[in-house]
Amino acid sequence: MAVQPTRIGLAGLAVMGQNLALNIAEKGFPISVYNRTTSKVDETVERAKKEGNLPLYGFHDPESFVKSIQKPRVIIMLVKAGSPVDQTIKTLSAYLEKGDCIVDGGNEWYENTERREKAVAENGFLYLGMGVSGGEEGARNGPSMMPGGSYEAYKNIEDIVLKVAAQVRDSGPCVTYIGKGGSGNFVKMVHNGIEYGDMQLIAEAYDVLKSVGKLSNEELHSVFSDWNKGELESFLVEITADIFGIKDDKGDGHLVDKVLDKTGMKGTGKWTVQQAAELSVPAPTIESSLDARFLSGLKDERVQAAKVFKAGGFGDILTDQKVDKKQLVDDVRKALYASKICSYAQGMNLIRAKSIEKGWGLKLGELARIWKGGCIIRAIFLDRIKQAYDRNAELANLLVDPEFAKEIIERQSAWRRVVCLAINSGISTPGMSASLAYFDSYRRERLPANLVQAQRDYFGAHTYERTDVEGSFHTEWFKIARQSKI
């Protein structure tokens, strides 16, 4: 038990909570911790002792936990989103006082954060919704943090988060005050949506290299390790290289080949796609990555479908195509990078659309800066995004930034070769294909949408605009078409 009041408290000691608490303590801030399951409290206290006698103090009941923290109190919650958050707030509120601050560090739906901020304000409490990215390793050694809500609440923890967040040599701590309301949770949600896209694109690169190029796991390990030294340098490419190098400890071969091809999810990707639809922001790369996870979940159905089509002469790979491995690796690298630009462009445009709708005033370049370290999507590429928004804060789309436009033009031939090769081989590349379609649609001055609008006017009298005259028009297409047939 702490003799002096601690600087901060943390409730919820699953992996993320434990590691963040230890990180805070290691940075010199005495911390009180609490969990409903008391064994987790004892486990965390024991870890603190083993990891350097850190100033971390455990409590088995909420009252003594709250009262151990210096005023105005700051308590971070890291519990499952939804009703567990409401229950934790209710439990803690019984002992909090006016001016105390609650910080939700989980992946919460942004409107829940806004609701809770208003609700606790009635008791005089402050509230923050703070996205935390980086997984268990990031939480322990320095995550990217996205706090939004009460600015006064943020100032109460600013000294802590500036030290606890990941530190990037050329751009500082990976944390900033995001904005009002649920902006912090919304930004973290879209971060996760971009993460879905990134992971899917990397998986497709792997599939093409393995299924068409016949690269071994050793070769894949080498390729991804090389990629991580260039424009694709990132956490996800780094861990992908690691994965290909790990042997199975329960049998022969590599572990990656024994992992069931069925991807789980926790909901933030789905939320991102739903918000994109609600705001009419095209996000096909992120959407396709979500659909890919849904399809992966249909494992039993896919097993049966494979039998049906194999009986009809369709194997996993339609044709074995002779390819130049070196050329293929280079083409796939370029296709992955170009697709990645599209995925980030979609995510940034979604954040901007929500910021405009809610009046948050979010700075997209600053978001790219705090994602450069600690988080799952951290990448050297984010420096380029920050520079793009520094050049033009009103940039309509990353695709039309002069530097990114030049890079896409240089890579688009390789991008098309990879997508065509995959299609001809019967390999699905939904992320790369969707990214390419997004690019081709966005760069074309005229799309076939004129025909779709004409059809809508034909059957529903929805009217249309003309290219040569201002105004709204309706044509009796059916009547004219029938008269012309007489």
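Glycine is treated like the rest: Cβ placed from N, Cα and C.
Keep in mind the model is a prediction, meaning the values are calculated, not measured.
With S133, G134, G135, H191, N192, Y196, K266, R293, R456, H462 listed by Swiss-Prot as binding substrate, the candidate from N107, N156, N217 annotated for that site turns out to be N107.
According to its DSSP assignment, G12 (NADP(+) binding site) is coil.
Cα of K80 (NADP(+) binding site) to Cα of K188 (active site, proton acceptor): a span of 15 Å.
Looking at A14, M16, the binding-site residues in this record, the fewest other C-beta atoms within 10 angstroms of the C-beta turn up around A14. Counting only the Cα atoms, the space from A14 (NADP(+) binding site) to Y196 (substrate binding site) is about 23 angstrom. Around the Cβ of N107 (NADP(+) binding site), 21 further Cβ atoms fall within 10 Å across all displayed protein chains. Between the two most distant C-alpha atoms of the annotated substrate binders (N107, S133, G134, G135, H191, N192, Y196, K266, R293, R456, H462) there are 49 Å.
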